[in-house]
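Trainee: A single structure is presented below for examination.
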Amino acid sequence: MINLSVTDLMLASVLPFQIYYHCNGHHWVFGVLLCNVVTVAFYANMYSSILTMTCISVERFLGVVYPLGSARWRRRRYAVAACAGTWLLLLAALFPLARTDLTYAVDALGIVTCFDVLKWTMLPSVAMWAIFLFTIFVLLFLIPFVVTVACYTATITKLLQAPAGQGRGQRRRAVCLAAVVLLAFVTCFAPNNFVLLVHMVSRLFFGRSYYHVYKLTLCLSCLNNCLDPFVYYFASREFQLRLRDYLGYGRLPSDSLDTRRDSLFSARTLSARSMSAGHGDDAPQGAGRPCLKRQESVF
């Protein structure tokens, strides 16, 4: 969640420059360096949000479907390593943008654009452009999207298979979290990335451009920051408690004392409860209780 908050703060820091640029007739007045910083930060925000939500979906999937086998992997140090890995991947993917002058002087209009006109010299050939753009699309959007949908589908399926009456609050929050994340992908990220795919294929191989449509869908990606607070709320029990306390609503309604003590996807998941309760009459005394130590979600 800290990583997601950092990306939101990053966008909030650079968005005013983008707003001023477009309101100023697409004339960039802040220099080459700041153009590069704003552009890289803007796209790093979008793709970091995608990768972070994917990591959250994988962690939730492991916590619900494989609570025992994944306990050793669902630790804070692995979460930190995953976040560090996403940023290294982003820096490598966006490096060509960071090292290129992204401004372009349009003398006929008397303006200087920022990342509205890309120079062909940024990469040595059309083939390299195709590899660069397709790699970004596949690695930073398509694969994370497929993984996220698959993980949340399996998670919700597992929760719905739990005995009736057990953990209704958990199931409800799990469904809400999945809905918010999938809404962010479908509404904010999917249009922009699929239009980018169409635009780059048309531009590279057919000489046609859909850049105006791409710029419109790029605005949708900023809406992700409006949905992130809902991700925080449904994914973090502590965030819910603090928010309700701040608003004066008191404690969260819950199904049982155990639900109040546990986080949404701690190691005491519904899967663990069902597994422990399903040993039958021959099980040793106390087998019907979760035998795992409480483990908070690492993301």
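Just so you know, glycine gets a Cβ as well, placed from its N, Cα and C.
Curation does not apply to TrEMBL; its annotations are automatic.
Checked TrEMBL, it gives:
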DOMAIN    1-232  domain 'G-protein coupled receptors family 1 profile'
TRANSMEM  25-44  transmembrane segment
TRANSMEM  78-98  transmembrane segment
TRANSMEM  126-153  transmembrane segment
TRANSMEM  174-201  transmembrane segment
TRANSMEM  213-235  transmembrane segment
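Could you give the neighbours, burial and distances for every feature on this list?
Mentor: For the transmembrane segment (25-44), the residues of the chain that approach it from at least six positions outside its boundaries are 7, 10-11, 13-15, 17-18, 90, 94, 97-98, 100-103, 110-116, judged by C-beta separation under 8 angstroms.
Packing against the transmembrane segment (78-98) from elsewhere in the chain are residues 3, 36, 39-40, 43-44, 47-48, 51-52, 55, 59, 115, 122-123, 132, 135-136, 139-140, 298-299: each is 6 or more residues past its ends and has a CB under 8 Å from a CB in it.
Residues 47, 50-51, 53-54, 57-58, 60-61, 89-90, 93, 96, 120, 178, 181-182, 185, 189-190, 193, 196-197, 200, 204 of the same chain sit 6 or more residues outside the transmembrane segment (126-153) yet have a Cβ under 8 Å from a Cβ within it.
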Trainee: Give, as a single whole number between 0 and 100, the mean pLDDT over the domain 'G-protein coupled receptors family 1 profile' (1-232).
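Mentor: For the domain 'G-protein coupled receptors family 1 profile' (1-232), the model's average pLDDT rounds to 85.
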